[in-house]
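Working notes for the structure below.
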Amino acid sequence: MPVLEQYCCVSVQGWIASVRGGSFSSQGKHITSSCSLVAFNTDQAGGMVGLTSVNAASDGKWTVTQISCHADLVTDLDFSPFDDYLLATCSADETVKLWRVCDPAQDQCSDAEVTLSPADGRLELVLFHPAASELLAVASVRGLQVWDVTRDTALTGKHTPVCARFSLVFSYFTLMHLCLQMRQQEVRLWDSRKLSSSLTDLSLLLSVSHCLTDLSTRGTALVPKLALDVSCCEVLRLLQLTDNFIVPISYQVPRKVRMMHPGLSPLSTPSSSAAPSRSPSSTSGLSSGFLPSPSPSQSSRAIQNMLGPSSKFRHIQGAVLHRDTHITNLRGLHLTTPGECDGFCANGQRVAVPLAIAGGQIAVFELSQPGKLPDTALPTIQNSVNVADFCWDPFDTHKLVVAGDDAKIRVWQIPKGGLTETLTEPECVLRGHTEKIYSIKFHPHASGLLASSSYDLTVRLWNLGTGEEVKRLSGHQDQIFGIAWSPDGKLLATVCKDGKVRLYDPRKSTLPIQEGPGPEGHRGARVVWVCDGKYLLVSGFDSRSERQLYLFSAESLASGSVASVPADVSPSTLIPFYDSDTSVLILTGKGDTRVYTYEILPEAPYFMECSSFHSSEPHKGLCFLPKTECDVRDVEVARAIRLGKSTIEPVAFRVPRVKKEFFQDDVFPETAVWWEASLTAAAWLSGSNGQHRKISLQPKDMMPVSEAPKEVPVRKYLPSSVYLEEKTDEQKKEELLSAMVAKLGNREDPLPQASCEGVDEDEWVSEELTTHTHTPQMIHDTL
């Protein structure tokens with residue numbers, strides 16, 4: 001008992017990613033573990049079971065695979081305590097199967113070794129006997145049976161329960177079938193010799209420790225004792241199944257010396273000839289507690305696995321700039337733009353904002369003219385129909401393109417200096433779509449080349465120079481949520497409501513060249529290219545309408561997402577912005593107060609979460625400006641325009657650094673001049689490709705931090721030899737005597753009483769008077 005009271009160290013390490021835990025209604029565990037493998041339920045349709053290893057591979061990574069076990073939902077699963085690679089599963093298809101599984105990196109067998117059919121309807125629980133390797137208990141709502149798997153026969157008659165909620169537990173000699181009809185969340189202790197009632201005295205239950213996590217739990221499982229690291233005083237390891245991770249939670253008892261403590265790791269089972277020995281497959285490896293000491297490289301790798309990779313942008317800070325740069329007193333803002341629209345758009349000189357005024361009016365404000373707007377009416381752009389989407393030409397800061405509900409695209413030219421009067425006649429109108437337009441996107445390299453998606457389920461390319469439609473892409477089965485050009489401008493990606501992500505090469509085919517599964521939710525989605533065009537990032541919703549981020553390989557969309565990250569629950573779609581210079585992804589939604597930040601990697605773990613930016617009030621969204629607008633002296637890696645309820649505010653995202661006097665060239669590489677066209681629309685259509693030139697953001701008066709002179713370390717303290725030098729007793733006595741002599745030695749200073757003033761000689765009474773009797777006459781004479 002005293003040992004149990006010393007539980008005080010709980011560490012969480014080595015999260016297993018790429019796990020899609022299922023949330024199903026069943027009595028089973030949803031996750032189980034042997035000394036080598038972990039099996040768990042997944043959210044895939046049918047009887048799919050996920051499989052991974054308990055420990056990471058030599059490269060520090062986990063491989064996750066899936067096995068198709070049943071025709072219906074897998075309700076429970078259990079590993080044999082005598083064979084790490086023998087897995088039993090039961091299902092709603094009324095069968096029990098035993099599987100010989102292998103390492104997740106190898107191909108799994110598609111046929112079960114044993115199939116049992118208890119004929120009891122939907123099976124809920126399955127459990128191996130802890131002492132007899134051939135016995136297996138199977139339970140359903142209708143009854144309970146114990147089977148001999150070697151003979152394919154039931155050894156006991158059916159026991160019918162009296163409740164719908166129950167659990168199975170084996171002792172070494174008996175099987176207990178516990179039926180629970182309690183509605184409260186409570187724990188009860190039962191004596192197996194008297195099951196008529198639970199014990200009233202719960203003094204045997206001691207609260208040892210607890211671990212709080214911020215992830216919803218889909219199931220838990222205990223790792224067998226042989227897999228624990230006893231050299232680190234690990235006494236318990238729990239596997240928590242969540243929506244996207246398996247989280248190992250290690251309980252360790254603190255000890256001064258890291259070694260094998262017999263008091264913490266007693267024999268797991270009593271010695272008995274009746275207890276069968278473990279099979280060779282399950283005892284081929286020893287517990288990590290008895291392995292030789294790891295090498296320094298292994299230790300550093302273990303520390304890295306424990307802490308996980310970190311991003312140099314993890315402390316990125318967002319801050320609203322001074323009020324003098326704000327545009328205030330914004331009135332009549334249109335707050336209900338379509339979900340495919342970003343809500344507003346901005347470039348380095350001006351910002352366009354939709355207004356809640358009839359006729360699809362858009363106001364344009366100059367960023368160089370901040371301050372309070374007048375209460376009078378402002379000059380606007382009148383489109384005569386509701387606005388579906390709009391964006392600035394990246395190569396012309398005066399050209400605004402607006403898509404309307406009437407299936408037309410209007411091109412407006414803003415005069416220099418901004419709007420001085422209301423515009424009613426566009427420069428040109430693009431006609432071709434037969435239904436309302438979803439979204440529009442300019443080509444990243446070719447000037448005057450525009451892509452648009454519509455309710456007519458087509459994506460069309462336009463040449464603004466000629467005002468003509470030049471390409472029409474088809475193949476979509478439902479609403480098109482978003483479109484995005486690849487960084488090199490060769491490919492076009494789309495995400496659709498039909499749950500598909502498609503990839504087009506418009507110059508070669510009007511049909512998709514690749515197609516793969518996308519987000520399962522139907523609320524909306526966005527797509528953006530990341531990692532130099534190697535991956536597609538999709539922001540959408542899962543089947544539970546929770547916001548999710550998915551990463552797809554651009555070379556194999558059919559294989560599904562390589563990684564996913566949950567965000568939160570909100571009705572608005574996260575709108576992504578990706579900075580190719582830093583690989584930083586910034587996301588926020590309409591009506592949100594939080595801005596998410598991630599660093600995207602081309603390899604696992606793919607997503608590295610950084611600090612979030614929170615605003616005091618909900619915003620309409622963010623629009624990011626060219627990199628030249630950033631203050632590199634203050635290590636500002638991105639600058640955005642934030643649209644509030646009545647304000648337009650610039651927001652700076654900075655990376656905290658110590659040596660700001662140097663140019664931080666590790667976060668400011670040469671940036672592409674994407675605001676300059678590299679070729680014309682006609683040249684691109686004829687097969688040519690362009691490439692943006694790159695410039696350095698380094699100021700002339702700043703030195704790169706990589707070339708900064710290294711500071712010579714200054715010794716702040718005396719060398720340790722001074723403090724560690726030991727003196728003999730004679731030396732200490734001699735020093736003490738010398739100090740005393742120096743303090744109490746002879747001094748020639750005058751005595752204190754020498755400074756006192758005495759009386760004059762004539763004031764002293766004569767000696768004779770002191771020898772006679774003091775008569776009154778004598779006293780009178782003296783006075």
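Even glycines carry a Cβ here, placed using N, Cα and C.
Taken straight from TrEMBL:
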DOMAIN    11-58  domain 'DUF1899'
REPEAT    67-101  repeat 'WD'
COMPBIAS  262-300  compositional bias 'Low complexity'
REGION    262-303  region 'Disordered'
DOMAIN    306-371  domain 'DUF1899'
REPEAT    430-472  repeat 'WD'
REPEAT    473-505  repeat 'WD'
**Request:** Would you kindly list the residues that approach the repeat 'WD' (67-101) from elsewhere in its chain, counting only those six or more residues past its ends and only Cβ-Cβ distances under 8 Å?
**Result:** 24, 26-29, 32-37, 39-41, 46-51, 108-110, 112-128, 130, 133, 136, 138, 147, 149, 224, 276-279, 281-282
**Item:** Helix, strand and coil totals (DSSP H, G, I; E, B; other) for the repeat 'WD' (67-101)
**Value:** 0 helix, 25 strand, 10 coil
**Message:** Give me the DSSP three-state residue breakdown of the repeat 'WD' (473-505), ordered helix, strand, coil.
**Reply:** 0 helix, 17 strand, 16 coil
**Message:** DSSP-wise, what's the residue breakdown of the domain 'DUF1899' (11-58) into helix, strand and coil?
**Reply:** 0 helix, 20 strand, 28 coil
**Message:** Using DSSP, what is the helix/strand/coil residue split across the domain 'DUF1899' (306-371)?
**Reply:** 5 helix, 22 strand, 39 coil
**Message:** When secondary structure is assigned with DSSP, how many helix, strand and coil residues does the repeat 'WD' (430-472) contain?
**Reply:** 0 helix, 26 strand, 17 coil
